[in-house]
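All remarks here apply to the structure that follows.
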Amino acid sequence: MVEDMTVLEREHVEFLPSREALGGLVNVNIVVPVNLAIAVLGSAALACQNAVGIIR
Amino acid sequence: MTSGIRPKRDEETVIAGSCDSENPRRVDGLQLLGEYRGAAYEEPRFLVYRPDGQAVLLTPLLYRVLTHLDGRHSLASVAERVSADHDRAIGPDGVRYLVEQKLEPLGLAVLGAPVEQVPTADPLLSLSARGVLFPARMVRTIARLFAPLHLPAVVAATLGTLLALDLWMFTSGQADAAIRTTVGDPAAMLVGVGLLLVSTLFHECGHAAGCHYGGARPGAIGVGLYVVFPVFYTNVTDAYRLNRAGRLRTDLGGIYFNAVFIVVLGCAYLTSGYAPLLAAAVLVHGQIIQQLMPTLRMDGYYIVADLVGVPNLFGLIGPIVAGLARRGRRGGRHAWRAEINLRPFARRVVIAWVLLVIPFLAGGLAVMLLRAPTYIGIAWRSTAERWTAVEQAFTHGQVATILIDTFATLMLWLPWVGLGFLLARVLQRAVRAGIRAVNRRR
């Protein structure tokens, strides 16, 4: 008969986190998020503007 | 392993009612789902859902005890029943201990006073600033609608078409030409960005449809900040109840729907010749590659976790690191392996994953913090340029340029909002840990 509480103490409980399948809005890498955001969106937008002569 | 669990404070978390007698019972609405399937555990684990949706894994003995807590049997009677269908005998005191020390505090059973604050999983790297776009009921309708796309014949036809389309797209030079045409035209670029957003939302529908196809119930689709970047999300927590194939279908459903989207865009381009359609098709490939990253909780993480058979890889970082730190001590290895409770192959894969993810996350965070002044300076200057562009575009009535620059500015600052949330969570945990330490000393 198992009455040794030190044995019962080892009975294991694990909470699982809610499972959320993610989808990124932009291709931003955690290491250099801002650099990439600027590179992907900022420079592309600038290129568009330059191409059609909006700013310069 | 109950690390990363915190008590909820709001009144909604009072899920355990009072118990009139000494007979222990399960909390109302608890779901007993049997053995967690496709797992790599040495000793099996059993899955239960609390009424609030919290999924919990239990040992065979705890699960067996829980199944017999119907409120009609005394502790002695429960002990008899558990001993009869379990390989270990247990007495009434043992049952009382398990109920009072293990099951009741976690909001799974009631014996004495009602539990007012039950803990819930609270991983550090979780979504923040979230908002629901489509409630669960709507998502289930969408999932039912798209579930036939997961039929094997449809999957084979889609992937075959994708392969043919990719061969044509990347060998004919059409992809490059379409991108060059698109980035030179603000209106076309706006269409491209819009298509990428639609693709990402459709990706989420793929997860929901995969979850539904396997027999589980998907939850809401929404938006939030994950670590430092903006994401859509689909709640597929109920996929824990599925077998390994069902969980993997849910994991892969997103990028599979990206593939469906590419095929649709490719066909639309072949019909219309409109460049942004093909440019978006090319960029969706990038989304797929990004999703396969296994280090954060992107699709690649869940795919690795379900292939290996470990539902919560992040939960093993602490025990793995602690075990590696005390390697070599007498008896340490045996105790550690018992704690990890994984078969040898799975244990090796998880150790390799931990050794990959720690430097990645630590390095990423360090670079972010060290270079923050430079990055924020760049973002600030870029914002000023965007604002000037918006003002000029407003004067000329150029709506597409206004929208692109506004979107670009938003994207520039969102990572910093996300980093702020992350640092606030870290600080909050540190304060809580400090308070606990002080209380222990008193």
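Placed from the backbone N, Cα and C atoms, the Cβ positions cover glycine too.
TrEMBL labels come from automatic prediction, so no person has curated them.
Per TrEMBL, transmembrane segment is recorded for B:149-171, B:183-203, B:215-234, B:255-281, B:301-324, B:345-370, B:407-427.
Same-chain neighbours of the transmembrane segment (B:149-171): 206, 209-210, 213, 249, 253, 256-257, 259-260, 262-263, 266, 278, 281-282, 285, counting only residues six or more beyond its ends whose CB sits under 8 Å from a CB of the stretch. Taking pairs at least six residues apart, the transmembrane segment (B:215-234) and the transmembrane segment (B:301-324) share fewer than three Cβ pairs below 8 Å and do not count as touching. Among the listed stretches B:183-203, B:255-281, B:345-370, B:407-427, the one sharing the most Cβ pairs under 8 Å with the transmembrane segment (B:301-324) is B:345-370.
Count of Cβ pairs under 8 Å against the transmembrane segment (B:183-203): among B:255-281, B:345-370, B:407-427, the largest is for B:255-281. Here the transmembrane segment (B:407-427) has long-range neighbours at 124, 128-129, 193, 225-230, 368, 372, 376, 379, 382-383, 386-387, meaning same-chain residues at least 6 beyond its ends whose C-beta is under 8 angstroms from one of its own. Beyond the ends of the transmembrane segment (B:255-281), by six or more residues, the same chain brings 146, 149-150, 155, 158-159, 161-162, 165, 169, 174-175, 177-179, 181-183, 188-189, 191-192, 195-196, 198-199, 202-203, 205-206, 209-210, 287-288, 291-292, 299 to within a C-beta distance below 8 angstroms of the stretch.
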